[in-house]
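Copied from TrEMBL, the annotated features are:
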ACT_SITE  B:LYS82  active site, charge relay system
ACT_SITE  B:SER157  active site, charge relay system
ACT_SITE  B:SER181  active site, acyl-ester intermediate
DOMAIN    B:27-476  domain 'Amidase'
Amino acid sequence: MPTATTALPSFDDVIARFDPVMGMEVHVELGTVTKMFCGCSTEFGAEPNTQVCPTCLGLPGSLPVVNRTAVESAMRIGLALNCHIAEYCRFARKNYFYPDMPKNFQISQYDEPIAFDGWTEVTVDTDDGPRVVPIGIERAHMEEDTGKSLHVGGSTGRIHGASHSLLDYNRAGIPLIEIVTKPIEVEAALAPAVARAYVTELRELVRALGVSEARMELGQMRCDANVSLRPRGTTTFGTRSETKNVNSLRSVERAVTYEIRRHAAVLDAGEPVVQETRHWHEDTGETTAGRTKEEAEDYRYFPEPDLVPLAPSREWVEELRGTLPEPPAARRARLQGEWGFTDLEMRDVVNAGAMGLVEETVTAGSDPAGAKKWWLGEIARTANERGAELDQVGITPQQVARVQELIGAGTLNDKLARQVVEGVLAGEGSPDEVIEARGLAVVSDDAALGAAVDDAIAAMPDAAEKVRGGNMGPVGALIGSVMKATQGQADAQRVRELILQRLGE
Amino acid sequence: MTARDLSRHTAGELAAAVASGEVSAVEVTQAHLDRIGAVDGGVHAYLHVDADAALAAAADVDARRAAGAELGPLAGVPLALKDVITTSDMPTTAGSRILEGWRPPYDATIVQRLRDAGVIILGKTNMDEFAMGSSTENSAFGPTHNPWDLSRIPGGSGGGSAAALASFQAPLAIGTDTGGSIRQPAAVTGTVGVKPTYGGVSRYGLIACASSLDQAGPCARTVQDAALLHEVIAGHDALDSTSIDRPVPDVAGAARQGAEGDLSGLRVGVVSELGGEGYQAGVEARFHETVELLGKLGADVVEVSCPHFSYGLAAYYLILPSEVSSNLARFDAMRYGLRVGDDGTRSAEDVMNATRGTGFGAEAKRRIILGTYALSSGYYDAYYGQAQKVRTLISRDFAAAFEQVDVLVSPTTPTTAFPLGERVDDPLAMYKNDLCTIPSNLAGNASASFPCGLADEDGLPVGLHVMAPVMADERVYRVGAAVEQAYVTQWGGYLLDQAPEVEERQ
Amino acid sequence: MSSISRDEVAHLARLARLELEPDELDHLAGQLDQIIGAVGQVSQVAADDIPPTSHALPITNVFRDDVRRPCLSSEAALSGAPEAEEGRFRVPQILGEEQ
């Protein structure tokens, strides 16, 4: 089986011959104050094994009790995804042994999810303009997270080669909502973008609901991507692979692309695709084989006897429905109208995952175009270089708005503003601190500028003569000379006025 | 009162004597510690006795009394706690090698309530490993012996608690009942054991055998003592999702009412399916006499059929192992308990396998494998799924029966105490001990066993099994107290007064 | 109804992480076959239209408010650990992958 990217057919070649079917399974860690089944804190970053109790440690004799807020969050996610909310459902035990799971079973839901049969839609860019793609939602169910293991003694902290492992159960029992799509059938060329757009959409949605910050780099949102391929013109589903550990928006797109190409290579070689889990490696951009279907555990699900069934009343469901925020599509349409963006501009903002950030920046006082320029320009470039999300790159919407404010007030020009943003992104502090530390404010003081203007006129007598004669063409060159001499800090408007003063009247 | 006298009193009498200042809680406790020292070498009811902690707790009760504090109805009374209930100050092993020496970092809700009530916990009692068995022979730490005949089983899984009562090593004990583990030991030791309605007593801190069947309850030598203990441990607990959020039935009041000896208007159903073939003659004789007695006390006795009870045993031995296989998965050598084979080269998985292979006894292994089988894909519907349907049918049988009668009765167990070793390697024969008691675990209703005489052929105790609807626990106490009162009058004392003196052996 | 082979018991023991000696396996296989024969009689009950019971009592919707309760100290949490290191449970090398 081909393993190196070089051995795989190109994406363009593959999409000309095959159709993919995708399925996405996304785990969202809820931002509840306490865990799913006990009163331990969920706060991130505590000392190991300090946010544990008999229940989340799985001590003999301990029992779970359901967190009401977690159930409400699950129902709200379900409602926002246009799901039905079960009138009666039970938790189930998923039995398998693994040291990071204290009870050696996970309390989850099996054939009775709290929410099922819904839909959402995403917008992707095509050659014919933006296209809305509907995504069916199979189910959303509740479960608990596992602890974390630290592998010691190996060279890289990885599981292989480690001599032993150290376990911290602070994360064990944190509520998770698993959201599973129905099979997504979309033309091959769009598949990776649809996968990414879906995860982006889901992230926006849970953030808008206020149920999770969904920070993928912290593992608050984790994605498994199922991919299968079938030759164009055939109808039976191909054998699927399930790629795990796809934990950034960019990775979603890359992993789906990679798997589509890998499946094609296997099929081209006349070999059967193996039903297996695959592991995505961010660094190499490849997936490697995990467990095959034959090796898969028999989870021996059965109803959790320690928890009573849930039977949410319809009044409760309707009450929760009343708390839903504006649906993403409606919100997009509204904001596009408010901001006066074209379809194309709006699509760029959405695809960059920047809509919420632009909105916050505008709320903080910026003009929409200015906000968009920064988030899709300088900041997006930095995020891309660092492989980080836009909101984790080190600048806040309020800071961007402040930069825009300073431009508006003439304190910064474009060039200086870029330097300020660069400084903030480099961790040098707030915009004002960067300006202070780097001495970046625009010079508009006539005394300071006057000398530079005189120097420029003296250095460029021909240009000065032409301007005196009424030819305005060379003014730009003179201004440029002054800007150069002041290292870009001069107020260009004032410089122009001073040049015209000296050469005109 | 001499020390020997103190160990012979009922819990109610002891509490009254402590409250009045006639004796101190420390004296009462010391008398029981002495008794344990004298006889437990032969009985082996206890796995762990904490004299210091018991005496300290007793001294605290005495101090509170001296300070004029209001004491509860069982303050200063010693108790034997089944070793399946977590205690922060004593080891908790559930009778298993895999938990040997484990000291839980928390108290069970029951333990919290006992401490709050001033009950003195003497120590932890022996049991079949993880409460799986009917003889305590499945304990990793050696069997308990029946005080009536030390060569015989004391019942199980709570044989230690029952034997402690029957040998006067404690006036009160806590048991847990998944298929009869309170009631069957009570029957074969001539003591009282009550399985409250499922959800009546918190399971928080009760090491699970089968979560949907497990229920802790009171064990005592008299019905009134059991009722007083019931009221201390019962009631809603927010830490147990299956705990019933309703007032505790007035069981002490019902016991007092029953002791007046009038059961007029009470409708009693004899379950036709629980008797006949396989039942020892002496057991049937005592049972039928007791049914007659109920009639004499004014009850209307009828025969009632519960056709699906015959399938109870089969359903139970599918549901229980399924839950067991999952509940016992956590014993994996990673976070607590035994760890075997960690030589620095073996993987976590290997160490888990080796530890579980070494740490679990034969019965635990049988049930883990059986449960793993019953839940595995392809078999689930035929076994676990079908057993759950039978469970529904058994609940419906109860519901139909309780339309006609107020309580149901049967023998508690088909035979009297059998010799140690007789059924150790014959699981099916062992399982049949629980024939009569299992239906109440499947349906979750209250039931209890009360002494009703000695079998003619072996002179060993027989138990009357009384079953009442969910949350009608008071009915079993009313019937039990009436029967007890009548027999005490007839025999000139409690059944246990007829027990041979246990040989003192340390 | 059905019977169970020695190989099947060995497979179940692997699923249940239970190391069994060969003679133990032989003995258990025989007993389990017998037990399964006995418990298999549940299939004789006509129950197609009967709902299964997973919980003894029909209680639903028991919740806890999303309010913190005290946790164990790290010392208490690790007090039963066969081995601990740096505030964590120390366990042998983990093979295999997460689920």
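Just so it is clear, glycine is given a Cβ too, placed from its N, Cα and C backbone atoms.
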Around the Cβ of the residue listed as 'active site, acyl-ester intermediate', other Cβ atoms found within 10 Å total 36
Sequence-ordered list of residues in the chain of B:SER157 (active site, charge relay system) that lie 6 or more positions away and have a Cβ within less than 8 Å of its Cβ, or none, is B:VAL84, B:GLY95, B:MET127, B:ASP128, B:ALA131, B:MET132, B:GLY133, B:SER134, B:THR136, B:ASN138, B:THR176, B:THR178, B:SER181, B:PRO185, B:CYS209
Ordered by sequence, the long-range same-chain Cβ contacts of B:LYS82 (active site, charge relay system) under 8 Å (at least 6 apart) are B:LYS124, B:THR125, B:MET127, B:GLY158, B:GLY160, B:SER161, B:ALA173, B:ILE174, B:GLY175, B:THR176, B:ALA216
Mapped onto three states, the DSSP assignment of B:LYS82 (active site, charge relay system) reads strand
When pLDDT is averaged across the domain 'Amidase' (B:27-476), the result is 97
